[in-house]
Amino acid sequence: MDQRARPYRSVLYIPGSKDRALEKARTLPVDAIIFDLEDAVAVEEKENARDTLKVALAAGGYGDRVRIVRINGLDTQWGEADAKAAAEMDCDAVLLPKVESAAQLDALAALVGDKPLWAMMETPRGMLNATEIAAYPQLKGMVMGTNDLAKELQTRFRADRLPMMAGLGLCLLAAKAEGVIIVDGVYNAFKDAEGLKVECDQGRDMGFDGKTLIHPAQVDVANEAYAPSEAEIDLAERQIAAFEEVEANGQGVAVVDGKIVENLHVVTAREILAKASAIAALSS
Ligand SMILES: CC(C)(COP(=O)(O)OP(=O)(O)OC[C@H]1O[C@@H](n2cnc3c(N)ncnc32)[C@H](O)[C@@H]1OP(=O)(O)O)[C@@H](O)C(=O)NCCC(=O)NCCSC(=O)C[C@H](O)C(=O)O
Ligand SMILES: [Mg+2]
């Protein structure tokens, strides 16, 4: 499947140390899983988590879900061993935390070979260097780390995420310029479905491909917010039909619901339909 069309609506973190969660994820309707060896795993469990995760991935059962392993930073005592272990795991990508430069991705690539790389974007320097990080040839995806970013920026929590906007925007621009996937940060209050929905809608409006999640209760909200709605699908179909009709008559502009439709709108309309088909293919 084309990387841009593949759904990343819901990307669930699972602590690599928790057998029950590793098992449960095989049944959850998520588009991707981040198997975490970093912040979700206590220091005393770091070594065991590596082995637990290796066994779980080898056992399989994760179906179409994209399997991403988040290792500890290469400047920590676990990072290098994590990277070497991840290189041998049955996973689709390796995710490096707190990426601030292409040189850090070089160091990771030297340990994991040609496995696709993903980058956590979660420090001010990372935001400022988002362009070179997104352009790294082996990089396939970026994940916003909004908890670490809030810590580094010393911001206060706001429902509108105003203090985050500069960083989110820089990473979005870089990801879109290079055609890599970019998913939004987590919503910590995992029992607050309404707040999650507001943040998912905001992220979707901004252009994120999906939302990282920390609990199964968040999955349905993200899947719905990041899927094309019935209204969007209907409009896309009508835009394509109207444009094809005027084009056949040698014209370049159609009007649908009182708004112009040009070639560029048709490109977006086709992307919406492709995303809807890709989601339908996953669920069938
Ligand atoms: C937040 C939690 C600690 C809550 O756990 P728990 O109290 O066990 O929740 P529940 O009892 O409600 O769980 C119900 C069932 O769901 C399973 N479960 C829970 N969480 C997950 C999960 N993430 N994936 C799969 N399955 C999960 C439980 O096992 C229960 O199953 P069952 O026995 O069948 O009923 C916990 O949810 C948790 O640890 N979440 C992950 C936290 C995490 O990953 N944190 C790190 C990522 S966030 C981050 O670091 C982002 C970034 O770096 C940044 O800076 O922002
Ligand atoms: Mg983080």
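Cβ coordinates are placed from backbone N, Cα and C, and glycine is handled just like the others.
Copied over from TrEMBL, here are the features:
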- 9-216: domain 'HpcH/HpaI aldolase/citrate lyase' (DOMAIN)
- ARG70, GLU122: substrate binding site (BINDING)
- GLU122, ASP148: Mg(2+) binding site (BINDING)
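According to DSSP, GLU122 (substrate binding site) sits in a coil region rather than a helix or strand.
Here the binding-site residues are GLU122, ASP148; the one with the fewest Cβ atoms within 10 Å of its Cβ is ASP148. Cα-Cα distance from ASP148 (Mg(2+) binding site) to ARG70 (substrate binding site): 15 Å (rounded to the nearest whole number).
Residues from the binding-site residues list (ARG70, GLU122, ASP148) with a C-beta closer than 6 Å to any atom of ligand 2: GLU122, ASP148. A simple way to gauge crowding: the CB of ARG70 (substrate binding site) has 25 other CB atoms within 10 angstroms, across all the protein chains here.
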